[in-house]
């Protein structure tokens with residue numbers, strides 16, 4: 001349903017943001 005789609009999107013965005021922050025903090029960025 002719509003709510004589950006929104007939840008999945010939010011989870012994906014949160015994961016991407018966390019990965020970006022971790023990448024900047026550790027300096028272990030990979031293209």
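Every residue, even glycine, has its Cβ placed from backbone N, Cα and C.
Quick look at what Swiss-Prot annotates:
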type     : residues : note
DISULFID : 23-29    : disulfide bond
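In the three-state DSSP reading, residue 29 (disulfide bond) counts as coil. According to DSSP, residue 23 (disulfide bond) sits within a helical segment. Within 10 Å of the C-beta atom of residue 29 (disulfide bond) sit 10 other C-beta atoms, taking all shown protein chains into account.
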